[in-house]
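Taken from Swiss-Prot as is:
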BINDING   C11, C14, C71, C74  Zn(2+) binding site
ZN_FING   11-74  zinc finger
Amino acid sequence: MKYPKKVKTFCRYCGKHTLHEVERVSKGKASSLNWINRQKKRRGKVGNLGKFSKVPGGDKPTKRVNIRFRCTECKKAHHRPTWRAKRFELIER
């Protein structure tokens, strides 16, 4: 999917429509001290004595696009609900 690098949209901090710069946000480094990681580690030690096979699953074929809109006037940034796309690139318009 192609998306413009600059978009005129509403800034919730200025309270008006301004030009926003769009930037792609990468996922931060996961902390091993999070509660969910400790829970997964505990769950790994519990078995079912070989009675059932594992449920098939894995990664989805597409990832959610994370983009940040930064206002050119007040320099504050905000996010929007994301969508799924296989390819995502920012283009000049």
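Backbone N, Cα and C define each Cβ position, glycine as well.
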Other than C11, C14, C71, C74 themselves, what residues in this chain have Cβ atoms within 8 Å of the centroid of the Zn(2+) site's Cβ atoms? R12, Y13, G15, K16, T18, T72, E73, K75, K76
Site with most surrounding Cβ atoms, counting all protein chains shown within 10 Å, from the binding-site residues C71, C74: C71
Non-local Cβ contacts of C11 (Zn(2+) binding site) (under 8 Å, 6 or more apart, same chain)? H17, T18, H20, C71, E73, C74, K76, H78
For the zinc finger (11-74), the averaged pLDDT of the predicted model is 84
